[in-house]
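Here's the structure we're looking at; comments come further down.
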């Protein structure tokens, strides 16, 4: 595979993870960690499912990658994620020494890579990460929009049924 | 217990966790999560032990608290930690909706509460956290200094023994 088709493939895998989250009613964000052309960690948001605030897609993928490589240092690893990482996930990316992050759509409300903070390129920290944004941005954002639209509709129906049935 | 002795007790418990990390050769940082006067989560740094970049003291304590309360929302919870949280842990604190953080000593190189960033009080984010710093600061900092001093000494001895024995 050439570089471009490799990036396309891995971002599609991150999107596949996001869709898994969608199917179990989680905010649809997915991620994969890649080492020497192989996926060594994958994850999707499991916050509601596991009732755990820390299990965002990136953290789950990083934890699996650490287990696969038997090392907390994910040297020569790239992370692909559908939505711009939050503060916690950006911190996990820095702490695990990931070299490059590809993300799909920005998160203007909580993004800590470009939107609210630029943590991954902060020269004061002991590790900096290369950032590539915009890969499958539309697909990533559309998945989120559809999820929140469906959630609002569900809440509306629940309110109406509560009104008529209680 | 009055408020002051409560804070002293919980910070001593966080220090106890930090000492557990010290004993297994981990950077000695400890944390506890408190809900209605009870410890519902405790943790110490396990990065080297588990070969996992995400298992800082705060994350371990938050994950245990989520399991104990069976909720990712740690409403009405306080977190006590010996050293100022990094970006990842500050993000985990915000994501889990913890109300107040007590930390001991600052971390000028990676601290994301006061030193490099002021993430917990950032009004742009969807949750803000009250911050109390300086509780048992000297004990917390001394534990870290002793750890790194011993680590440097160990590395020196290893170098000398390598020189004479190889």
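In case you wondered, yes, glycine gets a Cβ from its N, Cα and C as well.
Predicted automatically and left uncurated, TrEMBL annotations should be read as such.
According to TrEMBL, the protein has these features:
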ACT_SITE  A:58  active site, proton donor
BINDING   A:56, A:86, A:89  Zn(2+) binding site
DOMAIN    A:5-132  domain 'CMP/dCMP-type deaminase'
List the helix, strand and coil residue totals of the domain 'CMP/dCMP-type deaminase' (A:5-132) as derived from DSSP.
48 helix, 29 strand, 51 coil
Take the recorded positions A:58, A:86, A:89 and keep those with a Cβ under 8 Å from any chain B Cβ; what remains?
A:86, A:89
Would you count the other CB atoms within 10 A of the CB of residue A:58 (active site, proton donor), including those on all shown protein chains?
33
Measuring Cα to Cα, how far is the residue listed as 'active site, proton donor' from residue A:89 (Zn(2+) binding site) in Å?
6
Per residue, counting other C-beta atoms within 10 angstroms of the C-beta, which of the binding-site residues A:86, A:89 reaches the highest number?
A:89
Please give me the CB contact count at 10 A for residue A:56 (Zn(2+) binding site), counting all chains in the structure.
29
So what's the mean pLDDT when you look at the domain 'CMP/dCMP-type deaminase' (A:5-132)?
98
